[in-house]
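Engineer: Before we start, here is the structure in question, set down as structure tokens.
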């Protein structure tokens, strides 16, 4: 997603062109893949149907397509944010992995993978914890453990990254 944002920032395109490209993109997606047409909160109820009717590859493709479509819409200046598309894609990602792990309890796999995916994509474990509302309350202890572990891992990764950056000297250009 960062590469889309970086590319969009380098290309100086008038706002009317961005909006027009976004409109054409939305029209194509709504026509070809209507399940990706909105931010995702209106499609969350379809996830169980998608899980039952699609294979893991198709679910992975839908998750990636949702994230790509959402980011392109944002860069084309169409309204919307990234929280609901991330939640929708994270749940699809969890469903895809649950298909690949048939011996495991699907709800537990979907929940664990969706939490981890959302936490990584959002970059904020408590905010991604909103996903808890979509799972049975009996899984709350596991949900809290996954959220806390992912949050701790992200904080540790950030700390290590900062320490490495402090130790690596900045490159200077030597002209001769």
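Here the Cβ of each residue, glycine as well, is placed from N, Cα and C on the backbone.
Note that the structure is predicted; figures quoted are calculated from it, not measured.
What TrEMBL records for 15-36, 48-71, 83-101, 108-132, 144-164 is transmembrane segment.
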Engineer: Counting Cβ pairs under 8 Å to the transmembrane segment (108-132), which of 15-36, 48-71, 83-101, 144-164 comes out on top?
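Structural biologist: Looking only at 15-36, 48-71, 83-101, 144-164, the most contacts with the transmembrane segment (108-132) come from 83-101.
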Engineer: Using a Cβ cut-off of under 8 Å, list the residues of the same chain at least 6 residues beyond the transmembrane segment (144-164) that approach it.
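Structural biologist: For the transmembrane segment (144-164), the sequence-distant neighbours (Cβ-Cβ under 8 Å, at least 6 residues beyond its ends) are 111-112, 115-116, 119-120, 123, 125-126, 128-129, 132.
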